[in-house]
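Residues or ranges marked as transit peptide by Swiss-Prot on the basis of similarity to another entry: 1-43. The annotation N6-acetyllysine is assigned in Swiss-Prot to Lys76, Lys89, Lys120, Lys180, Lys187. Among the features that Swiss-Prot reports, region 'RNA-binding' is placed at 81-95, with the record citing similarity to another entry. What Swiss-Prot lists as N6-succinyllysine is Lys85, Lys89, Lys120, Lys124, Lys136, Lys180, Lys305 (among others).
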Amino acid sequence: MAAAAAPGALGALSAGRVRLVAACCARLGSAAWARGTAPRRGYSSEVKTEDELRVRHLEEENRGIVVLGINRAYGKNSLSKNLLKMLSKAVDALKSDKKVRTIIIRSEVPGIFCAGADLKERAKMHSSEVGPFVSKIRAVINDIANLPVPTIAAIDGLALGGGLELALACDIRVAASSAKMGLVETKLAIIPGGGGTQRLPRAIGMALAKELIFSARVLDGQEAKAVGLISHVLEQNQEGDAAYRKALDLAREFLPQGPVAMRVAKLAINQGMEVDLVTGLAIEEACYAQTISTKDRLEGLLAFKEKRPPRYKGE
């Protein structure tokens, strides 16, 4: 067992994390926000990479909301090499698009969110290919978790293995009561490899996460809500998109808020959850400081004084 770090070393690590977060906050400030704006797109336009992943930038009253729709029906939306490549490309573009305010990940295949890794494709891999493939899944899911804007997983169907790990990488999860969710890898004599062993305990607690992973238990929407795995559960509608509609409602609630503040708030929460309270409060202070000099903060105060809705520009 490694020796415990000295108090001074822990202090240095905490101070280093605060400085790192402060630097990240600074990059999210007005100067960075003003750069790299994406060209205006038409109503609910579609960026056609391939049909397996549809990227829609919503418009009009939904401007700023982006929907990633997984559309791989023949593979139950399983994570293939090609789908991972498209997800990676889409996420890479979205993280630097300052017009993006909230991202929703959903399925466009009825009854399925994502069935996990493509096991048929994996069965054809040489043993030397499996490790890098799982590493790619983990990397793409990590990239989703690290997106600077709020992310919502709309689970209207089956979310197993890597599919649930994909949802766990999102800030908020909503599901239909008929949805099925579980980390079932132990049934295949493996373990969750896309972050599930780390994110599930952080979402629902260590003991319950162990129970679910050890048993490979599958939960429905009501059960998932009861253990805190999802934030909202809805009765499925005739169209089969109840979770997506709820996700869209939540995303609309986020739109009026200050864009820089939203990004900095997410950074403060995410980083603060990984450290002790004292360090977390220092991270909050560093993040708050980045909002003070923004034009949006002044606009918020002026709008309050004038009793009107604020007109934030992300500056």
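Every residue number used here counts from 1 along the chain in the order it is shown.
Note that Cβ sites are derived from N, Cα and C of the backbone, with glycine treated the same way.
Note on the region 'RNA-binding' (81-95): residues 47, 49-50, 52-53, 55, 66, 68, 70, 72, 103, 118, 121, 133, 136-137, 139-140, 143-144, 146-148 of its chain, located 6 or more positions outside it, place their CB under 8 angstroms from a CB of the stretch.
In this structure the alpha carbons, written CA, of Lys85 (N6-succinyllysine) and Lys187 (N6-acetyllysine) are 27 Å apart. Cβ neighbours within 10 Å of Lys136 (N6-succinyllysine), excluding its own Cβ and spanning all shown chains: 16.
Scoring each of the modified residues (Lys76, Lys120, Lys180, Lys187) by how many neighbouring Cβ atoms lie within 10 Å, the top position goes to Lys180. Of all the modified residues given, namely Lys85, Lys89, Lys305, the one with the smallest number of surrounding CB atoms inside 10 A is Lys305. Under DSSP, Lys180 (N6-succinyllysine) is assigned to a strand (E or B) in the three-state scheme. Counting residues of the region 'RNA-binding' (81-95) by DSSP class, helix then strand then coil, yields 14 helix, 0 strand, 1 coil. For the pair Lys124 (N6-succinyllysine) and Lys187 (N6-acetyllysine), the C-alpha distance works out to 20 angstrom. Nearest Cα neighbour of Lys89 (N6-succinyllysine) among the listed modified residues (Lys76, Lys180, Lys187, Lys305): Lys76. The average pLDDT computed for the region 'RNA-binding' (81-95) is 94. Comparing the Cα of Lys136 (N6-succinyllysine) with the Cα of every entry in Lys76, Lys180, Lys187, Lys305, these being the modified residues, the smallest distance points to Lys76. Within 10 Å of the C-beta of Lys124 (N6-succinyllysine) we count 8 further C-beta atoms, all protein chains included.
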